[in-house]
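As structure tokens, the structure follows; a few thoughts come after it.
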Amino acid sequence: MTDPNPKGSTSKEGFGDWCLLEADCSDVENDLGQLFERDTDSDISDLLDDTELEQGNSLELFHQQECEQSEEQLQKLKRKYLSPKAIAQLSPRLESISLSPQQKSKRRLFAEQDSGLELTLNNEAEDVTPEVEVPAIDSRPDDEGGSGDVDIHYTSLLRSSNKKATLMAKFKESFGVGFNELTRQFKSHKTCCKDWVVSVYAVHDDLFESSKQLLQQHCDYIWVRGIGAMSLYLLCFKAGKNRGTVHKLITSMLNVHEQQILSEPPKLRNTAAALFWYKGCMGSGAFSHGPYPDWIAQQTILGHKSAEASTFDFSAMVQWAFDNHLLDEPDIAYQYARLAPEDANAVAWLAHNNQAKFVRECAAMVRFYKKGQMRDMSISEWIYTKINEVEGEGHWSDIVKFIRYQNINFIVFLTALKEFLHSVPKKNCILIYGPPNSGKSSFAMSLIRVLKGRVLSFVNSKSQFWLQPLSECKIALLDDVTDPCWVYMDTYLRNGLDGHYVSLDCKYRAPTQMKFPPLLLTSNINVHGEANYRYLHSRIRGFEFPNPFPMKADNTPQFELTDQSWKSFFTRLWTQLDLSDQEEEGEDGESQRAFQCSARSANEHL
């Protein structure tokens, strides 16, 4: 306890009486019971809140903070990789181009309470300061090929989301015309075409100039021009190529990526497109090599063909089919369509609406002319005409050796063949019989083939018109005659085998009066040994082929029964067969000009 008398304290001097150096002790406070029973209220009560706590909205606050942080990181990445500088480097005008239509914004009546993402974007958009950048100047003049800064162009192309649209925009900006206006689209990469339009972006100057020389070995015609970073090629290849082959050639030659290439075939029937290529080669910046393609020349260059009328001349089509020996409608249609690039009349036929009608009528007229020509010829003139159509040379000895191989006297056979060709009554039918695989059909078919004869089939005997081919040939063949056929011939064809006139029923026509042409038969049955067909013995001359057809070690025929062999046979034995000399066929001074069925006058240009 402190002394109540302050005079006895000398430890701290200089403080005066205002400072209490020791606290006074009270005995009353030593009682713990009274201390706890006393009221504990003070002026700073309720400093700690002992009430029950609630969760509140801390989870939503945490979610909002996470979204703001993620959006901030995303915006930093966008500013880093999608800078407006990249769009300006690629194309100054591309920034204003939008592929999707702009939708009008709708005004909201009530603002919704969301996570604050939209507010964050709006605030960041307001804070962005617009940047103005001057486009880089290309080191290459506008009308020269190549590119001064390839890396910049290629990098800007890679940053584009739609590379094809970007290339087309650059092409139109450079050449002033759309790429699709000059080309037609091939969806498949495997479709072949000889002509291709190729546009390449960002090519080195040296490679661009060297391509003008390297492409000449692959193409008949080359058109090349470069403006800015775009290079345009019109390539007419010597052979058809697909898009993959063209890209492989261009990428290896120009050292570019396939994404830098646009390639489509050109429009062949568009006059405006043809004029673009024709006028483009007249400029100083264009390079061309070779003659103009036909589709450009026909639409741009005037000549004597342009003065001709574009009407279709049916007689010219008939004359063409007659000269080329085309009788079937499919052959006439296909071959005449292929003639269109060379013949103006074929082009007019393709443009006509009645192509099928003209083809049917043309085939009918050619058959009429051929049939009339055949009837007007003698057998000597017919054989002379047909063997002259055979190309190449053979040896007649193969046929003679084969006849002797079958144990037939050649003089007897030659006499029978002479009477057979001249249709001597009861001598105009020859039968070749023998066992199978003896060469009967091969020998007969080779003779019919070289003389352009017709083949009859007994399988059509139920039809009353099955003998109609006899009215359209100079020689006929009935192969592999069996017993039913012999019965039919013994019953109905005796007059025809005699060489007399018969009434032959032809389709769509009245029965025709005519004689049978020389008829060649093959069979496994010797009709002369059958008593049932005794009335045919005097009408048919038979020769037996008893020996099998010989073959070489390499499984080829030992005797070549070809068209060339028969050509040599008839030429060698022309006199022995009693065939007339062709120089003595007509009257003296008669012209030997070819048959003309067209309506062209003599004073027209050739």
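Keep in mind that glycine also has a Cβ here, set from the backbone N, Cα and C atoms.
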Which range, 90-99, 130-139, 250-259, 380-389, does Swiss-Prot list as motif 'Nuclear export signal'?
-> 90-99
Kindly state the mean pLDDT of the domain 'SF3 helicase' (408-558) in the predicted structure.
-> 92
Site with most surrounding Cβ atoms, counting all protein chains shown within 10 Å, from the binding-site residues PRO435, PRO436, GLY439 | GLY439
Taking the Cβ of SER441 (ATP binding site) as the centre, count every other Cβ atom within 10 Å, in any protein chain shown.
-> 16
Check each residue in the chain of ASN437 (ATP binding site) that is at least six apart in sequence and keep those whose C-beta is under 8 Å from its C-beta; list them in sequence order.
-> PRO548, PHE549
Between the C-alpha atoms of SER441 (ATP binding site) and LYS515 (SUMO cross-link), the distance in angstrom, to the nearest integer, is 25
Counting across all protein chains shown, how many other Cβ atoms sit within 10 Å of the Cβ of SER438 (ATP binding site)?
-> 20
Reduced to three states, what secondary structure does DSSP give SER438 (ATP binding site)?
-> coil
May I ask which residues of the same chain, at least 6 positions away in sequence, place their Cβ under 8 angstroms from the Cβ of LYS440 (ATP binding site)?
-> ILE432, TYR433, GLY434, THR522, SER523, PHE545
Give the distance between the Cα atoms of LYS515 (SUMO cross-link) and SER438 (ATP binding site), rounded to the nearest whole Å.
-> 31
